Amino acid sequence: MTVTARVRSSELRQTGTVTKNRARRRRIDAWKAFLYVVPALAFSLTFLIVPTFQTAWYSFYNWNGLSAATWAGVQNYVNIVQDEKLRDSFLHVGVLVVFYSFIPIVIALLLTMVISRAHALRGMSFYRTVLFLPQVIASVVVATTWLSIYSPNGLLNTALRGVGLDSLTKVWLGDFSTALVSVGFVGTWLNVGLCLVLFLSGVGNVQPELFEAARLDGASSLQEFFGITLPALRGQITVALTLTVVSSLKTFDLVYITTRGGPGDATTVPAYEAYNRAFNSGQVGSAASVAVVLTIGILIITALIGRLQPKETE
Amino acid sequence: MKISLPEKLVTYLVLTFFAAFALVPLLGVVITAVTPSSTSGGFQIPRSIDLGNFVEAWNRGHFASYLLSSITVVVAVVVITTVLSVLAGFAFARLRFFGSNIIFFVILAGLLLPAEAFIIPLYYNLRSAHITDSYWALILPQVAQSLAFGIFWMRNQFMTFPNEVIEAARLDGASDLRTLWQIIVPPSAPSIMTMCLLISMWTWNEFLIPLVMVTRDDLRTAPLGLAFFQGQHATDYALLAAAGIIIAAPIVILYFFLQKRFISGMLGGISSR
């Protein structure tokens with residue numbers, strides 16, 4: 001802003017005259033500037049913002065999607081705490097966060113400690129491409145892939161039998177004790193590569209002299225990690241946390257394709273409950289309240305993680 | 001910087017292990033897809049390669065129609081989003097107007113809001129407008145979602161554009177719009193390209209919006225088609241694998257050619273949020 005102001009004033013000095021015409025033209029310019037953003041704003045308001053407020057409105061009603069809605073007060077929200085199925089759906093997300101976010105970040109950090117200078121190696125671009133690959137595959141395809149891997153005669157059970165561990169074979173997605181963990185592990189598979197690529201590129205930005213100096217001073221690799229690598233990666237860790245935690249909270253496609261929340265309610269998640277209640281079981285108000293809680297949760301967590309972000313990152 | 005031989009070996013070992021971790025499930029899909037359907041009682045290394053599954057999946061699954069529908073939606077979303085993002089991104093980066101901060105924040109909200117936040121009323125609104133079960137219901141909401149990213153991306157790009165060039169064009173009497181299209185957009189083409197790639201990928205892979213908005217078979221996009229196909233052929237994993245490959249292939253091929261743009265865009269776009 002100040003730059004434009006300075007340029008403007010120098011421009012004025014050049015022309016030498018400040019006329020009323022110019023002031024009027026600037027006011028017209030301001031209106032024209034408005035026109036540049038109006039279409040985008042209209043899209044945003046019509047399809048995202050207004051419906052979001054409507055969701056909040058819906059959540060105070062009982063409505064089956066067809067007949068007249070009746071006022072429900074906060075009952076739908078009370079149900080989220082009292083209804084075991086809904087409460088569990090939020091607890092399941094807690095488990096998924098561990099698999100989607102915590103485990104990939106810890107693994108990737110440990111690996112970054114061991115291979116901190118991988119970015120300088122030949123062939124790194126190939127590895128980066130492969131590690132990042134799961135991120136670009138449609139979630140529905142990822143889901144059918146793992147559905148097949150976890151199937152009774154799928155890759156996983158076949159491999160277990162191949163090494164003589166027949167006793168461990170299971171119907172992974174059909175078993176109450178393993179279904180949620182199996183879904184979560186897909187998240188680990190998705191995100192380990194993402195975190196690793198992110199952290200290795202972050203370490204690549206550290207000046208090599210820092211590491212050289214630390215080694216000359218006789219720092220152990222552990223000291224090097226906590227003294228140099230970890231602080232340098234703060235920005236990348238924040239990004240990884242945001243991406244992975246938000247993606248775990250939003251889990252829908254994977255559950256819809258692989259388990260539909262089953263067996264029983266063992267793998268149901270809020271996004272699936274919101275969808276299922278709104279469009280299948282005629283509990284639109286309840287669905288909206290789940291959506292509201294999920295949205296607020298995502299906004300709060302994003303804001304909290306954002307506070308970890310160092311200010312000077314680009 | 002010299003890296004000692006043991007360190008190199010360990011590094012390659014770790015990288016290879018995790019690359020394999022990423023690849024094994026995908027290779028499993030490819031192998032399953034070329035296993036002759038008659039023998040596919042379970043996962044096995046096939047003795048012969050059979051591409052019949054692709055043909056059968058293609059024909060039985062109406063994938064020609066699904067892919068066409070996906071392409072239509074992606075092209076429309078990318079074109080509309082790009083034009084509107086360039087315009088708005090320019091205004092936010094270069095023009096001063098009343099309320100610009102508030103408007104920017106409102107549009108940016110689209111980056112934070114999960115689809116669950118708005119999809120339920122949106123469905124009923126669009127149904128009242130009689131445009132569910134049409135391309136509009138697939139295209140318009142996804143434009144709104146993509147705009148949040150697109151405007152943010154273009155604004156960042158345009159803010160780094162050298163001021164002197166723009167002022168020079170202004171002094172020559174060029175209007176804002178002309179300055180934008182003739183002076184600013186051409187050198188920004190690579191960054192616009194990256195934005196188009198990312199939006200294409202997200203739109204191609206989108207599942208929830210098509211799932212909610214359309215029921216007509218000829219409107220189903222590729223991922224929705226796959227989900228539907230899976231519902232019908234639940235345990236025919238060879239067919240499912242072939243169908244999955246057909247759907248993932250366009251984006252994966254693009255990715256292999258343009259991986260740098262994908263990776264830097266996906267990581268950079270979010271990290272600078």
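Numbering starts at 1 and runs along the chain as displayed.
Even glycines carry a Cβ here, placed using N, Cα and C.
Residues or ranges marked as domain 'ABC transmembrane type-1' in TrEMBL: B:67-258.
Feature annotation from TrEMBL assigns transmembrane segment to B:12-34 (among others).
What TrEMBL lists as transmembrane segment is B:63-90 (among others).
The transmembrane segment annotation in TrEMBL covers B:102-123 (among others).
The transmembrane segment annotation in TrEMBL covers B:135-154 (among others). Long-range contacts of the transmembrane segment (B:135-154) within its own chain (CB-CB distance under 8 A, at least 6 residues past either end) are made by residues 69, 72-73, 76-78, 80-82, 84-86, 88-90, 92-93, 104, 107-111, 115, 122, 126, 188, 191-192, 194-195, 198-199, 202-203, 206, 209-210, 213-214, 219, 221, 269, 273.
Annotated transmembrane segment per TrEMBL: B:180-204 (among others), in sequence order.
Residues or ranges marked as transmembrane segment in TrEMBL: B:237-258 (among others). Listed by sequence, the residues of this chain that lie at least six past the ends of the transmembrane segment (B:237-258) yet keep a Cβ under 8 A from its Cβ atoms are 29-30, 32-33, 35-37, 40, 43, 53-54, 56-58, 60-61, 63, 66-67, 197, 200-201, 204-205, 222-223, 225-226, 229-230.
Within its own chain, the transmembrane segment (B:180-204) is flanked in space by residues 70, 73-74, 77-78, 81-82, 85-87, 90, 142, 145-146, 149-150, 153-154, 157-158, 161, 165-166, 169, 174, 221-223, 250-251, 254-255, 258, 261-262, 264-266, 269, which lie at least six positions past its ends and keep a Cβ under 8 Å from the stretch.
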